[in-house]
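Participant: Following this message is one structure expressed as structure tokens.
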């Protein structure tokens, strides 16, 4: 038995299972039989036939086998097999499939047999059917631990239970790309996608039916094989056997079977093969295929015209042409007693619901060739061959018969139950769509009669839906050829086509056409049009009634036209119009909405009694006494307009529909739109607000601007790394890479230095050689002459020897003297280009005449060269004689290297190395091609001329003034020029504090008092003219310039006779003038220096103690009669902070500061009889500035932050703290104790940098340390009291770190 995985078969949808997934159009999987575990072997199953024991893989295969092929099965009791029959949708059938009711079912009578094909995997029992086995397995609750919370079904695996729950929850994540269908499983979606495939490559060679798979075609061909072997006279295979060998119409090749002929045509003559999109037409005599109906008719007339085989199926009369046969068939439809049309009988009857027994009888088909004027009431897919009729409705034509069911598509099988028919339709005719049932109250579309009954009970509160439905008037139609009664024209049309059509396949595939007025049936469209034109458009005609009733009691069908189509098709029912709009205009609202809104042209329903009565009266008036109507006229039933052509009549009806159909307007702004889609887009704009957010890709946070997102990315998702360029290792902090460099790349290198001559050597061997040659050989003679290299034992000997090297060697060209001959020779070679092989006797005149002649010639040549070159050396600076220079004897150019000189001579004078310069001097001066326009000197290269021209132009000016754009050759000249642009030339006052500056020293000192003017990028700024300077030299130039311009200012006054007057100094408070600077006290207030007289200082002490004197400042005498009005007017004292000048403690108010001074610093309180201030023992810590770097060292207590100026005072102060408080200093943050405040402060620093990777950063200058105590030492040495950041709100103390403030608050102010 095969155990490979196979998808379970598709099945009809159970109406009671409301959480099923819809598969395909009208197909669903049963909630009980639906496969949940496609991946498990225990959930897969195979199907076997009970009669012949043949095994099948799907339910559709075994169903088709039992119906058509199995010789041991009757073919009508298939529904007895639960694995093949269709489950009923009634409540009783639901109980049978529920696992909770499985105990009451007798499914285990056959268990225990050793040969049964379905054994239980949990026990020894076996069963004959798979359904029995599934019911039995549900009893093993201990083996199936997972239970569905909806239907209590048990599962072995959790994934099976979860997949099953999706059936109840409706979780459908697999969507069809072609339509809006959704499925919970991918295999169901694959099955559904096959319905959208228009290409069916597998064609039946007999009936030309298409299939999606070869297996389906193989099963279909078995049906033809069974029919071929049987004794059916109407079989097409028998017809083919009776015929001669078939021949191809193209190549005259003969074939025994039609499938061989069709295969030959498809392969050899593809242009002659019928199109797959259209149904092929086959001749009833020779079975030749045709594409068009006209070709088939011409073929029958020409080839088979002599044979009278066009027989009538009613009277067996034969005709030569098909048209004659059609005319004869029309005569059969005329009644014998009258000349009226033999239309199908209309009987107003009620129908009884059969939902209790066959609720799924709604299997209907939508014919694509339906006549537009036919009523669109849902058609029944299964039709009855005989139905029980009452004698009042049908008269003698009614008869009692057993209810049987037959397929309307293949018309070959009879089924005893509707369930078997449903299985047949689902397995054999999957390509046929499904139709629904419509409620007569609210016109709601329902999938089945059972759902219709439930809808009537719940919505319309019907106690007995069967009685209500039967009481409702309905129109039924009776076939004139048999006793069949149907409920709509479409069903009657299918009945006539299938039961009373010709044997000709072309005639069978065509539709029967019914008149919408009298319901007369016609076999051709042309005959129907002729009938409407001749009968219903002629007032003289009297054929209007039914042949059964004999009186015009039938209501006139109202006409509805689609206004969205170009040809304006006409429909006689709103339902048909709605269906047309749904299929062809999906975005257009249905016409049913217009009827409910009261916008229909006629308010009465066509089936209502009032409408029937009114239309009947109108028709009677028209038939009886109305005016005569001309033939071929069309009269509008809305306005009475008459038209002679059908096109103009349809166009006129379209105008009525345009006025009836409402306009699509926006409920917000009343704007009109042509269709529903544009209206929906417009209305969405009213309810839509577009907001732009910028989302972080890492943490999904939203930001309203790009700047916020970039700031977030820089703060949270950006890391700065440090890469070592030596080993390419990466570090996350600066401290880490510093440690890495100190550990791995700090290589030790030893240098060996000689202590005697301070020479350095790389290794010890070189030092030993040096000592051997320089110190051992001349041992005892450590003093060496720098001129001749001779060594001496004592320094006195060396000094006596140096006197012998007096400058006795004089140069005969420039009169320079040298100590040694070698220096003179070097000077001659470098400066005068004299190369002598023999040292001349410079002290005597004993030189030979030849030597003197050569020297004279060379001297003359050099003199002439200097004169002709326009004093080239004069334009350049003198070269230092200590550096070796190589001069050109032609142009006088000097170079520091001999190779540069050789390159110059080769480039500019065409003199190669080694050639005699004296021989070519005169000739070389004339050969140059590049001539100087200034001095007429020639050069051999353009670069040489360019360098020479620079000597005439002067130095290159690379420095440009940023104010006026003038260029200068040096930075010094540019600085002196920039000062001339100053706007403060006549004042020497600081533009920030307005303090007068009298000298350059005061100017430079005052610039240091404004630290906010410093900038590490641009340098300093002058306090007088506010220009930016880049160096201290430039700042000094500014000071010199400004002090020279202000030399006749306010501080230095001159009389008319030019006599110098003594410099005066003013008090910054009372503006009194003093002749001596010592009479004023210099104060540093807010970083600015001020001068106050003694009286102002004394009075400001009593009113505002915050103004203090710096230590070491001179205290002049205090005047008793000095006024404070000027100081009060200026408001100088009011701007001082309330901070104690002695201990630098800040207070909130002046009263607290006064109390502090009276109690703590009594020695600073001035005595009324005293005229001088006392020098305080404790003074505030001054600001550290460049001008105050030489002040006294201060000491500050960590505990109370008092400042002392000597170590003894702070030691005594700390000892008092230890006596009062002891050695236990507790950290309030972690309850640790320390023996000193310094250790406690170091511990609090560690608290501040917890989680920072072991690094400690200074909060003031941001210097990084790896130890907390190093940071503590740095703070004490580099930063003072004024740099502390955190102030205590309850006392004047300040702290560097927040943890210090927290610990201080918890210790001192916790109460």
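The backbone N, Cα and C atoms fix where each Cβ goes, glycine too.
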Participant: Looking at the ranges 477-500, 597-620, 837-860, which is given as zinc finger in Swiss-Prot?
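Facilitator: Going through 477-500, 597-620, 837-860 one by one, Swiss-Prot flags 477-500 as zinc finger.
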Participant: If you check Swiss-Prot, which stretch out of 994-1017, 1138-1161 is marked zinc finger?
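Facilitator: The range carrying the zinc finger annotation in Swiss-Prot is 1138-1161.
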Participant: Given a Cβ distance threshold of under 8 angstroms, which distant residues of the chain, six or more beyond its ends, lie next to the zinc finger (722-745)?
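Facilitator: Residues packing against the zinc finger (722-745) from afar: 1253-1255, 1264, 1266.
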Participant: Looking only at the zinc finger (1195-1217), what are its DSSP counts of helix, strand and coil residues?
Facilitator: 11 helix, 4 strand, 8 coil
Participant: So what's the mean pLDDT when you look at the zinc finger (174-196)?
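Facilitator: That region's mean pLDDT is 82.
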Participant: Write out how many residues of the zinc finger (560-585) are helix, how many strand and how many coil, based on DSSP.
Facilitator: 11 helix, 4 strand, 11 coil
